[in-house]
Amino acid sequence: MSKVFALNAGSSSLKFSIYEIPSEEVVASGVIDRIGLGDSNITIKYNGEKHQDVKDVMDHDQATKTLLDKLESLNIIEDYDEIAGTGHRVVAGGERFKESALIDEEGLKTIEDLSEYAPLHNPAEAQVIRAFQELLPGKPAVAAFDTSFHTTMPEKAYLYGTPYEYYEKYGARRYGAHGTSHKYVSQRAAELMDKSVEEVNIITCHIGNGASITAVQGGQSIDTSMGFTPVAGVVMGTRSGDVDPSLLEFVMRKENLSMEEMLAVLNNKSGLLGISGVSSDMRDVEAAADQGNERAKIALEVYVNAVKRYIGSYLFELNGADAIVFTAGVGENSPEFRQAVLENTDRLGIELDKERNESVEEGLISTDDSKVKVFVIPTDEELMIVRDTVRLGNIK
Ligand code: ADP
């Protein structure tokens with residue numbers, strides 16, 4: 001039996017899951033947070049127990065080494081030889097990576113070169129890949145890119161209405177994100193419909209802290225709501241989603257903000273948090289709205305309306321959909337949110353089954369008569385990454 005790691009490096013965190021192959025069972029998982037900030041929490045879940053430690057972890061290279069040391073000291077890994085390969089989520093793959101790839105030195109350089117498109121993520125992810133390659137020489141490292149699934153978008157969907165030379169010179173275009181999740185849930189929805197993914201149109205709604213909606217035609221992404229970066233599209237936990245660029249210049253002048261500060265507001269202080277003033281967490285905002293907080297109520301309405309706007313436009317772009325799928329933290333766990341999004345859509349052939357919507361964990365939540373099927377499907381990006389690692393790394 002071999003072990004394969006799925007790694008997800010954020011700007012200041014490193015999440016991991018360890019899978020046993022071929023059973024695809026998760027044997028351990030956890031996270032190191034506050035990387036670079038001091039007092040990092042190292043949390044490892046193993047055998048139903050949670051192990052915690054605090055240590056100063058100053059970069060992702062040190063985080064990787066700390067993680068492997070910790071796994072050895074807990075006897076989760078006895079020998080590095082047990083580790084057959086590592087799979088890494090990478091945010092920006094640009095136009096270069098149209099699918100997951102086995103990463104060699106040249107691939108690693110390309111990931112680093114793409115850092116301009118994801119300055120907080122790609123350098124951290126490259127550092128983790130490099131650290132594993134040093135610690136486990138010769139073991140396959142596979143990168144799964146958030147953007148790959150969207151590289152099938154046609155020009156008419158990915159180009160902005162800006163001068164074409166910006167695209168030619170700088171790659172200024174829509175790249176999208178959450179691709180691994182949109183791919184997984186669209187394939188799973190086709191399975192649940194007993195159809196091949198090539199013969200169906202599906203609109204996938206990944207609604208977590210970050211949120212994006214994708215139009216999937218015959219298994220390929222043809223349009224998606226996130227843009228050059230993940231700040232675009234629908235309203236999210238702390239991100240604004242789409243805004244008129246002129247508004248930014250106006251607010252920057254009024255509030256005396258630099259572009260960098262304005263972007264930090266759009267990424268970290270907007271969305272549910274910015275409108276409600278309560279929290280970026282959907283549970284808190286729903287609870288506040290239930291208690292009559294008006295700004296929490298309007299934050300939910302703006303969020304729901306943004307999701308409706310995108311689903312509506314994709315229904316039109318796709319000339320109708322066979323299914324709509326909800327996934328990620330909010331999409332999987334908030335029946336209220338799903339119901340609000342699909343309220344008043346019966347004339348479009350969409351009919352939610354209230355009881356199924358309240359109780360189903362994975363499966364159909366529309367009525368048997370609904371022309372468009374609606375599904376809840378828990379996403380599993382890690383499993384997709386591990387499967388790509390096993391396939392590309394030729395792991396038995
Ligand atoms: P991330 O984008 O960080 O991976 P997740 O997909 O885990 O985020 O989604 C986090 C969001 O899911 C939070 O806003 C959280 O409030 C929401 N969420 C989780 N459980 C529930 C629930 N039972 N009801 C409503 N929202 C939930």
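Numbers here mean position along the shown chain, with the first residue as 1.
Yeah, the Cβs are placed from backbone N, Cα and C, and that goes for glycine too.
These come from TrEMBL:
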type: BINDING; residues: ASN8, GLU381; note: Mg(2+) binding site
type: BINDING; residues: LYS15, HIS206, ILE207, GLY208, ASN209, GLY210, ASP281, MET282, ARG283, GLY329, VAL330, GLY331, GLU332, ASN333; note: ATP binding site
type: BINDING; residues: ARG89; note: substrate binding site
type: ACT_SITE; residues: ASP146; note: active site, proton donor/acceptor
type: SITE; residues: HIS178; note: site 'Transition state stabilizer'
type: SITE; residues: ARG239; note: site 'Transition state stabilizer'
Neighbourhood of ARG239 (site 'Transition state stabilizer'), C-beta criterion under 8 angstroms, separation at least six: GLY210, PRO230, VAL231, LEU266, ASN267, ASN268, SER270, GLY271
Sparsest Cβ surroundings (other CB atoms within 10 Å) among the binding-site residues ASN8, ASN209: ASN209
Packing count at ILE207 (ATP binding site) (other Cβ atoms within 10 Å of its Cβ): 27
By Cα-Cα distance, the member of binding-site residues ASN209, GLU332, GLU381 nearest HIS178 (site 'Transition state stabilizer'): GLU381
Most Cβ neighbours inside 10 Å, all chains, among the recorded positions LYS15, ARG89, HIS178, ARG283: HIS178
Where GLU381 (Mg(2+) binding site) falls in three-state DSSP terms: helix
Cα-Cα distance maximum in Å, computed over every pair in LYS15, HIS206, ILE207, GLY208, ASN209, GLY210, ASP281, MET282, ARG283, GLY329, VAL330, GLY331, GLU332, ASN333 that the record assigns to ATP: 23
Cα-to-Cα gap, ASN209 (ATP binding site) vs ASP146 (active site, proton donor/acceptor), nearest whole Å: 15
Recorded positions whose CB lies under 6 angstroms from ligand 1, from ASP146, HIS178, ASN209, ARG283, VAL330: ASN209, ARG283, VAL330
